[in-house]
Amino acid sequence: MLWAIVLLGYLLFVVEWFVIDRIAGKPAGILDSNTKVLPNYDGWVNSFFANSAGSIAGSATNWSITLLRAVGSVLCGIVVLKFGYRYAVMIMMGLMCLCFPFLIIGDPLGGNNQLTLLRPLSKEVMGKLSSLSSQLHEGQLLGPVMAEGKTMLADGQTIDLVQGLDKNLIGTSSSIAGYALFIIFRSTIAIGGTTLVTYSQPLIASLSTQRRKSVLSNANLWGFNSGIVVAFVPFLFQSVQQAGTKYWVFILTALILIGFGILCVFAWFEKQMDPFMPQKQTKEQMQLGNQPSAGDILKRKATWKMIGMYGICLVVLVNPLTGGWWNILQAVSPASSFNVKDGVKTLKPLEGAGGYFAGLPTLAILWVLGYGMGYMVFSPFNKTVYDRKRWLSFMFFMNALMVIVIVLFAATLGVGTAVGFAFVAIATFIGGSFAWSMQSTILILPHEFKEYKRSEVSVLFGYIWGFGYVIYTAFDITNSMFLEAPKLANPGMKGVSILPGAIAGVALFAGLLLAAIAIVVTLPSSYLKNGDELVSEMTKKWKLNQWQFLVASKEKNRYADLLK
């Protein structure tokens, strides 16, 4: 029951994390006397930005959150030792609820929020927008206005707009400060939510059998994957996208209240934890060394090998869910596969929904649903007595291969054609099956290494997730710099191709996956364990043609000896 509640809290975090981006809306733009169509001011981005801040600044949202997820994950192990398991979970769930000020910061509040760009239209400024006169009325919320050589807010206040890296005028110093505060409070969702999946591991470690540990470790992944599906499926439809951006404050308020409800349910049902669960440390216990030392765990070589391997695993899991990956696929696609209007690419087979709305969510959903196939075909390996190194080497290689296959389909057929998008979608689904099932194998390893006791698992997973997200953040920063470099080299020019940066990003992506194999071969051996007692080492070597574990059963099956 407690495991399900903790996993539900993690699922809610994933939904919040991705839904916020889906209902962001568009920058406010700058109105002038020639503007004939009034912009749509739904969503929260227009509160802070007049124009796009570019790939690097735009990705800063993701960087800051993944870095703070790293901080939260590292701290979670320390928190559970300091306060005990029950209060650690409640603290982190409470932290998710403390994000609510970002709702106030991002809402124009009827034009009274000095941290946003939207203001009530004054009669004087309305007279300067003659081409929009039939669409305007006094007091209407509008974004910045350019008139008579001056930039002003809709209430007539003269302002200076800050230039972005690509020379666009992006916002005022106040709105950019507001955006920084928005990100800081939003990040509490990430800090608290990330730790919940870490806190599910002590519950798994307390189970009596390796098989049950394997089942729940695999099931843990459905928390993230289900959250992705819930966050992306509604936005396949443009009507939902429009409604979501219009009512973004109400949607996010509801999600925060649901999170508070989950916190209350956990506090109500929580009972005395199993003695094996991490408990609060007293000074005497620290001195006697009865409880694990977070510092000692971090010093172990196996910990850093797990961090490096899992960091690269996070790259392959998260990158295909980002706009940066979608931009790469569009950049390598033939120009003939798109309709281009006013410099905006639209997928031909999905014009009704628009390239961004339908393309990225569709591939993201297929990517996470790929785990369904992986769960049946690849994850059963976790129940075997095979040594893990060859298997993980094979999985990292296959992930690198699928990245290359997806890019080749996009480059030759184009994601803007029905056939090309279909092939990319199929390859994405297959690639997801390899990636997510590989993660399930990685997450079972700490339960099989002799280096770690059950009481140390929560601390170890905190380090794995924490420093792993540092690795992912470094990749995300580098990738966004690759994509932005062609534009920075040609400031002020429109329609600059990001193809060179896209190629560099793909090379980095696939190269990291192949480099992970060098870490895998140095991993410690896995053991069958009874609690913290070592039963036997898993020495049986897996070969490429050995897939009998798919049909192995403990009940009178000739392959039963393959199972734990």
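Note that Cβ sites are derived from N, Cα and C of the backbone, with glycine treated the same way.
Record features (Swiss-Prot):
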TRANSMEM  1-21  transmembrane segment
TRANSMEM  65-85  transmembrane segment
TRANSMEM  89-109  transmembrane segment
TRANSMEM  176-196  transmembrane segment
TRANSMEM  220-240  transmembrane segment
TRANSMEM  249-269  transmembrane segment
TRANSMEM  306-326  transmembrane segment
TRANSMEM  358-378  transmembrane segment
TRANSMEM  404-424  transmembrane segment
TRANSMEM  425-445  transmembrane segment
TRANSMEM  457-477  transmembrane segment
TRANSMEM  501-521  transmembrane segment
Notebook entry, point to check: Are there 3 or more C-beta pairs under 8 Å linking the transmembrane segment (176-196) with the transmembrane segment (1-21), counting only pairs at least 6 apart in sequence?
Noted result: yes
Check: Who are the long-range neighbours of the transmembrane segment (249-269) in its own chain, taking Cβ under 8 Å and residues 6 or more past its ends?
Finding: 1-2, 5-6, 8-9, 12-13, 15-16, 19-20, 23, 89-90, 93-94, 96-97, 99-100, 103, 106-107
Notebook entry, point to check: Under a criterion of three or more Cβ pairs within a distance under 8 Å and sequence separation of at least 6, are the transmembrane segment (358-378) and the transmembrane segment (457-477) in contact?
Noted result: no
Note to self: Give the nonlocal contacts of the transmembrane segment (89-109) in its own chain as ranges (CB under 8 Å, at least six residues past its ends).
What the structure shows: 6, 9, 12-13, 16, 44, 47-48, 72, 76, 79, 83, 115-116, 118-119, 141, 178, 181-189, 191-193, 195-196, 199, 249, 252-253, 256, 259-260, 262-263, 266-267, 270
Notebook entry, point to check: Other than its close neighbours in sequence, what residues sit by the transmembrane segment (306-326), given a CB gap under 8 Å and a spacing of at least six beyond its ends?
Noted result: 18, 55, 58-59, 62, 228, 356, 359-360, 363-364, 367-368, 392, 396, 399, 403, 428, 431-432, 435-436, 438-439, 442, 445-446, 460, 463-465, 467-472, 475-476, 479-480, 483, 505, 509, 512-513, 515-516, 519-520, 523
Check: Considering pairs 6 or more residues apart, do the transmembrane segment (457-477) and the transmembrane segment (404-424) have at least three CB pairs under 8 Å?
Finding: no
